[in-house]
Amino acid sequence: MKHLLSTEGIDPAQATAILDTAASLKQALEGREVRKLPTLRGRTVITMFYEASTRTRVSFEIAGKWMSADVVNVSSSGSSVGKGESLRDTALTLAAAGADCVIVRHPASGAAHRLAGWLRAAGTSVVNAGDGMHEHPTQALLDAATLRERLGDLRDRRIAIVGDVLHSRVARSNVHLLTALGADVTLVAPPTLLPTGVESWPVTISHELDAELPSLDAVMLLRVQAERMHGGFFPSAREYSISYGLSERRLKLLPEHAVVLHPGPMLRGMEIASAVADSPRAAITDQVRNGVHVRMAVLYHLLAHEEENA
Amino acid sequence: MKPLILKGVRPYGEGEPVDVLIRDGVIAAIGDVTEEDAETVDGNGAVLLPGFVDLHTHLREPGREDTETIATGSAAAALGGYTAVFAMANTNPVADNEVVVQHVARRGREVGLVDVHPVGAVTVGLEGVKLAELGTMAKAGVRVFSDDGHCVHDPLIMRRALEYSKALDVVVAQHAEEPRLTVGAQAHEGEQASRLGLQGWPAAAEESIVARDCLLALHAGARLHVCHVSTTGTADVLKWAKARGTQVSAEVTPHHLLLTDERLATYDPVNKVNPPLRTAGDAAELREALAEGVIDCVATDHAPHAVQDKDTEWSAARPGMLGLQTALSIVVETMVRTGLLDWRGVARVMSERPAEIAGLPDQGRPIEVGEPANLTLVDPDTTWTVRGAEFASIAANTPFEGMELPGTVVATLLRGRVTAVGGRIRS
């Protein structure tokens with residue numbers, strides 16, 4: 001594996017290998033006083049974040065550091081990025097400065113793909129940490145890792161993704177990955193928040209959350225961004241919450257074993273009731289914890305797994 | 001100027017090869033021609049057509065001379081078989097007054113490779129708010145008005161523009177794009193854009209404006225021209241409007257005839273254009289509509305862009321692609337090789353109809369004795385490989401890079417003078 005740009009078309013065996021690596025890394029580090037493996041010593045990993053992000057950037061940074069890589073963070077303020085330098089020039093500069101891997105978050109869909117093209121000659125690996133409305137592959141991998149911990153094999157598991165699918169890179173990456181792993185995915189959203197042509201995706205579409213809940217193994221809530229709330233995609237936050245929010249009443253409709261996921265940051269009271277977010281059914285902090293191990297596994301498969309790169 | 005003999009050419013690709021004598025810029029004889037001391041161009045049976053007319057070209061001068069100038073764009077036009085081009089108004093400064101349009105026309109005449117007709121803006125600064133001085137510009141020779149790049153979206157402004165244009169015997173060409181439906185739009189709204197996470201540009205944003213404008217044109221009794229038709233629905237609307245007597249004409253670009261949004265998977269902005277590349281179904285319908293005359297003509301929407309404006313992430317790139325030197329070949333590929341058009345048909349969509357729409361008296365004329373020698377000689381049998389860097393344009397943003405395409409321009413004649421021959425400019 002040279003890059004991780006998307007989960008679309010991912011080989012299920014490859015995905016499973018990353019998830020298995022993540023699980024063994026987690027096991028290896030558990031209970032250790034010094035959480036540091038020497039695997040990526042001497043490797044340089046640069047994170048390039050063109051959008052505000054706390055959890056993803058920190059998660060990648062910790063993942064790199066626990067693997068002993070040298071991690072450098074570049075953000076769009078405090079670098080030449082703010083001076084109007086093109087994405088291509090910034091990428092070539094970072095590669096020339098010695099990056100073995102560039103982790104990029106960018107508001108433009110396809111930015112990571114473009115970066116991989118520009119960095120082909122330099123041989124630098126690219127990880128997509130979220131590109132516009134396109135994909136966020138490590139988020140999907142950490143969601144899958146969390147679901148596997150709670151549910152075991154994901155084949156034929158029923159998973160609903162609820163909310164703003166239209167603008168969500170998390171939803172796209174999860175649809176590709178979860179269906180590749182054999183899960184049965186349902187998208188629950190008002191028609192204004194579903195992409196045109198969604199009928200051709202390998203998923204079921206629903207506008208009725210209550211009807212779906214009793215048969216689910218997991219429900220994944222998507223963040224509703226503030227700009228959507230005023231964009232006329234739905235009449236009001238109140239109506240959204242009534243129709244699609246995971247309330248305490250709705251939690252009771254879920255089977256006992258069902259898991260609640262949220263990629264964060266959460267809008268408590270709107271997408272998810274506070275009591276639900278804090279209940280043992282919610283795996284939200286597990287997601288964050290697993291994020292580090294999954295990103296370690298991704299860096300391992302990109303930078304250290306020589307036979308795969310040969 | 002010496003007389004010129006085109007030896008062994010087939011007008012409209014019909015019949016046995018004949019010789020065509022051109023004297024003083026006019027076709028003097030067709031058949032067996034003898035003339036001492038004449039220059040000759042060997043046709044070897046090539047197809048002789050009326051010189052092509054492009055209703056939709058961006059020559060970028062004044063303003064972005066780093067991407068194209070009237071000189072380089074004229075050369076590209078001559079090499080592509082064109083004898084007249086219409087230079088769009090979205091320059092900097094905008095061609096919304098007689099000073100800029102006269103400048104463009106004069107530079108075109110000085111270069112002298114192709115008739116450069118300036119398009120005037122419909123509204124001041126292309127802002128869609130206040131009518132530009134259409135009358136003054138019409139007096140300066142402007143035949144076509146357009147805010148291309150922007151839609152004249154306000155229905156009242158569009159109504160006034162259509163009404164006002166009637167007295168001037170000019171045509172308003174609309175870039176049909178309802179702006180409220182295309183905020184942030186990046187790609188044809190459909191399965192591909194949804195998969196790639198690119199904000200959608202719905203077909204209805206074009207179709208609704210075309211429908212509205214057809215109704216307004218019929219009501220005003222005015223002429224309307226629709227730029228770069230890109231959807232099946234627009235073709236349907238045009239068919240309906242024409243059937244009820246609307247004076248509407250329409251163009252389609254070569255890229256919308258050949259390319260589809262499948263190409264967006266690489267996120268390479270060389271494929272970014274406005275209106276966006278649509279589906280294979282749309283491309284097939286546009287070909288049919290062009291063959292049937294529902295769409296009147298082919299126009300390039302030739303849009304040069306600098307490398308730094310194209311070699312970027314998708315959303316940062318400017319929309320547009322080069323077209324002048326590939327238009328003929330793409331028409332041959334999509335329309336002639338498929339049997340949808342014969343060479344008479346090519347003459348119609350590349351020359352005669354655009355000349356009629358713009359009201360050019362000396363272009364798109366029959367190949368007959370006494371007619372002006374604005375002619376293009378086409379070898380339909382040779383193929384060539386597209387190399388953007390080899391084009392006469394300063395910019396090289398062609399989506400057809402590396403494609404092998406049929407049909408080459410053997411020679412282009414502007415009023416009897418050879419402007420391009422054998423792929424080279426003759427100035």
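Using N, Cα and C of the backbone, Cβ positions are placed for all residues, glycine too.
Please treat TrEMBL annotations as automatic predictions, because they have not gone through curation.
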Site-mate of A:R55, A:T56, A:H136, A:Q139, A:G264, A:P265 for carbamoyl phosphate in TrEMBL, selected among A:R88, A:R105, A:R238: A:R105
Most Cβ neighbours inside 10 Å, all chains, among the binding-site residues A:R55, A:R223: A:R223
Candidates A:T56, A:Q139: member of the binding-site residues with the richest Cβ shell (10 Å): A:Q139
Under 8 Å by Cβ from A:P265 (carbamoyl phosphate binding site), same chain, sequence gap 6 or more: A:R55, A:R223
Secondary structure at A:T56 (carbamoyl phosphate binding site), reduced by DSSP to three states: helix
Overall pLDDT for the domain 'Aspartate/ornithine carbamoyltransferase carbamoyl-P binding' (A:2-149), taken as the rounded mean: 94
For A:R169 (L-aspartate binding site): intrachain residues, at least 6 apart, with Cβ closer than 8 Å: A:G130, A:D131, A:G132, A:M133, A:H134, A:E135, A:H136, A:Q139
Pairwise C-alpha maximum, in angstrom, for the residues (A:R55, A:T56, A:R105, A:H136, A:Q139, A:G264, A:P265) that bind carbamoyl phosphate according to the record: 16
